[in-house]
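Notes follow the structure.
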Amino acid sequence: MRSTFIPYFPKEIWVIFIGTFLTRACFFMIWPFITILMRNNYAMTPVEIGVMMSVSLIVSISFGYLFGGASDKYGRRTLIILGAIAAIISFSVLALANSPAWYFVGILLNGISRSLIEPASKAVIGDILHDRQERERALNIRYFLMNVGAAVGPLVGVALGLTAQKATFFVTALSFLCYLLLVLAVFKAGHGKETRNTTFSFIGSLRIIWNDQAFKVLVVANILVMLVYGQIDVTLPQYLMISQVHNPEYLLSVLIFINAATVITLQYFTERFTRRMSLALKTSLGVFFLALSQIVFLLVSSESWGLWLVAMFLLSLGEVILFPTLNIQIDRMAPANLKGAYFGAATFYEFGLALAPFVGGLLLKQGGGGALYAVMFFLCIGVIVLYTISERISEKRTITV
């Protein structure tokens, strides 16, 4: 009986793990600070920077399905290689950019590289690991490594003096080069051939996904999840400022630390604690904590630092339980020869993140924090209802591929 946590995974899975951590850590050495470079070097306005970032996200979402489906037909290895090459070019362009136009090109290429790598990397795990428990554990570990990389990257960048330096773009490009070389060395040409979808076209697979009612309901639910969660990035800092909290900048840094520390330290324990739970119960538990956090945010006052901290902890606990299940939901729902297409189409839930600043800002302006967090709470209730509907439809559905 195997008792260790991850050593029995095949080498291809280890490549995904190592590549995910390495590229994520290097990516976050620079990405949180890229707005500083754009503002300092080219005096770009917040609106101009925001438009560039939004376009990159929309490109990543829009191409996600197309490239995910392409990985079903042409193989995961090919798409990951193309994605790594696109990332290398992207960060090299950003390192050498001497105008806002070139920054836009680099950021656009970054969105394309994400849409090439992400769906294919997730689908690889489903291709190789046939045991459901091992497959879901691997997806959990990949999510954990993404968070560790995102937390470690900025700290390493600061320690090495690389943060907000153009040279950091070359370091990030180098990390994707290492990932590319690992994939070339370990993944055999034609990897995943036995699961390739060679009979369905883009239109054919799109028709299957569009007719999958359970999947469509699931995507809508996850868009709402991201809409609620996305409030911590832009709207929460604004709420802190208008709430007349003492030293809001310091409080925000503490809240961000609590979020990162909770996700990193508790994921292993929550994964073990919820391992025997059904997926439906696990997702409902995660959304419950997410909803509970919105109630606490609703009750906070400018003097109640303790409640701010409790609210962020509850939100982070909901995140650490719920977010790893998002990929598991798709993995269970997708037919073997359409996993890439399903993972690609699932990126549409990131529209929730794109809408979050606009919706949150509008609610904050019209009704203050009370309106914002009341609406977010009821959206969480709606998510639980949609998850239940999706599961019931899924139990009855059949897909012909």
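In case you wondered, yes, glycine gets a Cβ from its N, Cα and C as well.
Remember, TrEMBL labels are computer predictions, not curated facts.
Among the features that TrEMBL reports, transmembrane segment is placed at 12-37 (among others). Long-range Cβ contacts of the transmembrane segment (12-37) within its own chain (Cβ-Cβ under 8 Å, at least 6 residues beyond either end) map to 6, 49, 87, 94, 121, 124-125, 128-129, 138, 141-142, 145-146, 148-154, 156-157, 162-164, 166, 168-169, 171-172, 174-176, 178-179, 182-183, 186-187, 191.
Here the domain 'Major facilitator superfamily (MFS) profile' (12-394) has a mean pLDDT of 86 out of 100. TrEMBL lists 12-394 with the feature domain 'Major facilitator superfamily (MFS) profile'.
Residues or ranges marked as transmembrane segment in TrEMBL: 49-67 (among others). Within the same chain, residues 35, 38-39, 79, 83, 103-104, 107-108, 110-112, 114-116, 118-120, 202, 206, 209, 340-341, 343-348, 350-351, 353-354 sit at least 6 positions outside the transmembrane segment (49-67) and bring their C-beta atoms closer than 8 Å to a C-beta of that stretch.
Here TrEMBL flags 79-96 (among others) as transmembrane segment.
Among the features that TrEMBL reports, transmembrane segment is placed at 102-120 (among others). Same-chain neighbours of the transmembrane segment (102-120): 38, 42, 52-53, 55-64, 66-68, 71, 76, 79-80, 82-84, 86-87, 89-91, 93-94, 96, 176, 340, 343-344, 346-347, counting only residues six or more beyond its ends whose CB sits under 8 Å from a CB of the stretch.
Sequence annotations record features per position, and here TrEMBL assigns transmembrane segment to 141-162 (among others).
For 168-187 (among others), the entry in TrEMBL reads transmembrane segment. Beyond its flanks by at least six residues, the transmembrane segment (168-187) meets 11-12, 15, 18-19, 22-23, 25-27, 29-30, 76-77, 80-81, 84-85, 87-88, 90-92, 94-95, 113, 157, 162 of its own chain at Cβ-Cβ distances under 8 Å.
The transmembrane segment annotation in TrEMBL covers 208-230 (among others).
Counting only same-chain residues 6+ beyond the ends of the transmembrane segment (250-269), those with a CB under 8 A from a CB of the stretch are 5, 140, 143-144, 147-148, 150-151, 232, 236-237, 240, 305, 308-309, 312-313, 315-317, 319-320, 324. Annotation comment: TrEMBL describes 250-269 (among others) as transmembrane segment.
With a cut-off of 8 Å between Cβ atoms, the residues of this chain six or more beyond the transmembrane segment (281-300) that come close are 225, 228-229, 243, 274, 307-308, 310-312, 314-315, 317-319, 321-323, 325, 329, 369-370, 373-374, 376-377, 380-381, 383-384, 387. Taken from TrEMBL, the feature transmembrane segment covers 281-300 (among others).
Positions annotated as transmembrane segment by TrEMBL: 306-328 (among others). If one looks beyond the transmembrane segment (306-328) by at least 6 residues along the same chain, the residues whose Cβ comes under 8 Å of a Cβ in the stretch are 122, 136, 139-140, 142-144, 222, 225, 229, 232, 245, 251, 254-255, 258-259, 262-263, 266-267, 270-271, 274, 279, 282-283, 285-293, 296-297, 299-300, 343, 346, 349.
Per TrEMBL, the feature transmembrane segment maps to 340-364 (among others).
Residues 217-218, 220-221, 224-225, 227-228, 231, 235, 239, 280, 283-284, 287-288, 290-291, 294-295, 297-298, 360, 363-364 of the same chain lie 6+ residues outside the transmembrane segment (370-389) yet bring a C-beta within less than 8 angstroms of a C-beta in it. Per TrEMBL, the feature transmembrane segment maps to 370-389 (among others).
Of the ranges 79-96, 141-162, 340-364, the one with the most Cβ pairs under 8 Å to the transmembrane segment (208-230) is 340-364.
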